[in-house]
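Some features that TrEMBL has for this protein:
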type     : residues : note
TRANSMEM : 36-54    : transmembrane segment
TRANSMEM : 66-84    : transmembrane segment
REGION   : 106-128  : region 'Disordered'
COMPBIAS : 108-124  : compositional bias 'Low complexity'
TRANSMEM : 138-160  : transmembrane segment
TRANSMEM : 187-211  : transmembrane segment
DOMAIN   : 241-313  : domain 'Wax synthase'
TRANSMEM : 287-314  : transmembrane segment
TRANSMEM : 320-340  : transmembrane segment
TRANSMEM : 352-370  : transmembrane segment
Amino acid sequence: MTIAYLLLDKLKLYSSSTIPALLFYILTCKQPRDTASNAILSAIVLLNFVVPITHNGAHGDMIDHSVVATLTSYLGFGMVRYMVDRHQGKPTVPFYRVLDMWNQRPPSQQQSTEEKTTSSSTQQPLDTSTMQSNTFKWLMLAMFRVLLSMPVMAFLDGFLRVCNEPPLDPSYISLMLSGQWIPIPTLYYHAIASIALIMHLVLVPTVWLVIHSSKLSYFALFSPKTMASYHDKVAEFVQRPPLFDRLWLASSVHDMWSRRWHQIFRSAFRDIAYLPIRRLFPKKPMLGRALGVMSVFILSGLMHDYILLCMVGYEQYVTVPGLMGMQSTFFLLQGLGTVVSNYHATPKIPRILARLLTFLFLLYTAPFFIEPYIRIRLNRIARVPGYPQTLDPYLGPVCPYGSRLDI
């Protein structure tokens, strides 16, 4: 197939998947905003989630479908959030603004940061030379992160490309339910695969910073007036907390997911799942919090199952063993672990032991999340565009089940 044909094939997927978002935009982001009924908007939200499924894995590769399904989920959450705010009489924010709300600080910290920024900017506006200096610093930071990530990703992605997968029959869940001993090499493989997935997410803000710091550098050279307004946008992004906060220090499952894991979907999940469920139990706050937490993890599991469904198509999702419902199972277990570990009656244990127990819980539950992606062979196409693959021939000794290159 020619490059032109492949691009047109991908265009079918991306263009058709944007139609519901465009319809929602036309009905809500133009004045007057309150003319569209909730029934019409709800139908558009449903259409938004259905369209990617109708492609049944065709038109583009699995990565394309993963990107489309993730954006579809994010925009869908923004649509639901818009409808909830409008129903409650709150000021409505355009639904697409949810794309810029990922990994922001918690509301209290964000307000404090904004107050500090406003105060400092009121006292002393930044001059052109300072903004140019910041631009250079951010660009160098982005380049340093890219260079630092190259050998790391060469190993992690190379491990996934080169190493044979663990036996998939019987499935991991069958081993767990039967009480059989999980082989150490299997746990080792899934642990490395989990770290590789985390590192791909870590690269997201790095790529964002590379793009926007490069754009800001262009403005610094050729359009200083434009640089002033764009500088504030990049500065706000740089001040956001990191996606992951020293995961190895997690002292409980609750600590892991609420403080150290990425908060990309935090605002959406809080507004459309956690808070509505919690409000249903005003006289039982502990129960409300627990069910609110569980609703967030259930929603997250359904979202990840939806992404997997879009990646492989509904026929494979239903027929291939070990795919359907595995993502939801993983997040349901994490929700239960979060609720139990945050329960006030849970006995206090030494921090080192708490970290060890948290690590073991995550080690033994992570395969529920990772195994479906191994079954669809996503690991074999793992790569960051432009990154070297020079370590691939030398990774055989670290492969627990041998290297495919030795065959």
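Even glycines carry a Cβ here, placed using N, Cα and C.
Within its own chain, the transmembrane segment (187-211) has Cβ neighbours under 8 Å at 103, 138, 141-143, 145-146, 149, 152-153, 156-157, 159-160, 163, 165-166, 234, 237-238, 240, 242-244, 247, 262, 363-364, 366-367, 369-371, 373-374, 379, 382, 384, 400-401, counting only residues six or more beyond its boundaries. Contact between the transmembrane segment (66-84) and the transmembrane segment (352-370) is not supported: fewer than 3 Cβ pairs lie under 8 Å, counting only residues 6 or more apart in sequence. Each residue of the domain 'Wax synthase' (241-313) gets a DSSP state, and the totals for helix, strand and coil are 53 helix, 0 strand, 20 coil. Across the domain 'Wax synthase' (241-313), the model assigns an average pLDDT of 91.
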